[in-house]
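Reviewing the structure listed below.
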Amino acid sequence: MNNYLRKLVEGQHLTEEEMYKAGLLLLNENILESEIAAFLVLLKAKGETAEEIYGLVRALREKALPFSNHIQGAMDNCGTGGDGAQTFNISTTSAFVLAGAGVKVAKHGNRAVSSKTGSADLLEELGVNISSTPNEIDYLLKHVGIAFLFAPAMHPALKRIMKIRKELNVPTIFNLIGPLTNPVNLETQFVGIYKRDMLLPVAQVLQKLGRKQALVVNGSGFLDEASLQGENHVVILKDNEIVETSIEPEKYGFSIVKNEEIRGGNSKENAKITLGVLSGEKSVYRDTVLFNAGLALFANGKAKTIEEGITLAAHSIDSGKALAKLNLLIAASNEKLERVN
């Protein structure tokens, strides 16, 4: 590890292979916590490259719980977190809208790291059993159309690093790579990131991971979601080509909403917001979810245009299908799935 630390101190980038090996060392129980913390802070200070991100993703996926290869057509819409905006759980709420629109959603997530309420905290509050095994997740994806993958359970080797991340209390490369380490072999992906300069590197990693289509967004105000506040910077991966562009919410009929207007709270408060959105209540929360779910449906290919995606998202909510997916997941995730274990 000392060689890698020395390179980072000198501001040098690591190669993909060096980062892969460093990643395996980070997961080694014999490495000191102080070395892990130093590595993460130095890497953040230097700035992460696409090669470094992909190298670490390789190491983490190698050490993750194994999943069957026959899960086909799944999507994730997990964001990086780390934007400090304390918004409600936009991507988790949107996940049920996607599922209601017929997308198979493998939602990768965690408890709160830099926010008040993480996706796991919200889902637990809503009554979802977040401790599903790979076999149970496979079953849920097939029969419910949505499953939650609790990151610490999927990546047991990350237990120590989670503790260190919490103590550091600053975004690290692990915020960036969270959405990239989903152990399910995803076909498409929608990723919100908090660092605008990482849009292209993250899209390049998604390309290396074999995604057929993907959309990476940095929202107005550096939100790790698409924002109704103003211009959103976007990178689209389609047909193995990467295109950079920007998206204005007004073009799609939305009124401007400041990021402060969509702040969330604790898990109880955020659960109330999510249930309100999925029940069809008109609000700035609903509009934010429609925008994000619409973009995700476009990224998935379910919608040919963003406009069509927003229309499909609205239908998913207003038809009751999105809320039905939540209720199905609550029921199915709490069953004794002995037949699949």
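Yeah, the Cβs are placed from backbone N, Cα and C, and that goes for glycine too.
Using a 10 Å radius centred on the Cβ of ASN110 (anthranilate 1 binding site) and all shown protein chains, the other Cβ atoms total 24. Look at Swiss-Prot and you will find GLY79, ASN110 tagged as anthranilate 1 binding site.
Per Swiss-Prot, 5-phospho-alpha-D-ribose 1-diphosphate binding site is recorded for GLY79, 82-83, THR87, 89-92, 107-115, SER119, and the stated evidence type is sequence analysis. Long-range Cβ proximity for THR87 (5-phospho-alpha-D-ribose 1-diphosphate binding site), meaning a same-chain Cβ under 8 A and a gap of 6 or more residues, is found for SER115, LEU223, GLU225, ASN259, ILE262, ARG263, GLY264.
Feature annotation from Swiss-Prot assigns Mg(2+) 1 binding site to SER91, GLU225.
There are 21 other Cβ atoms within 10 Å of the Cβ belonging to ARG165 (anthranilate 2 binding site). Under the heading anthranilate 2 binding site, Swiss-Prot lists ARG165.
Residue environment of GLU225 (Mg(2+) 1 binding site) contains 31 other Cβ atoms, counted within 10 Å of its Cβ in all protein chains. The Mg(2+) 2 binding site annotation in Swiss-Prot covers ASP224, GLU225.
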Cβ neighbour count within 10 Å of HIS108 (5-phospho-alpha-D-ribose 1-diphosphate binding site): 25
Cβ neighbour count (within 10 Å, all chains shown) around GLY79 (anthranilate 1 binding site): 30
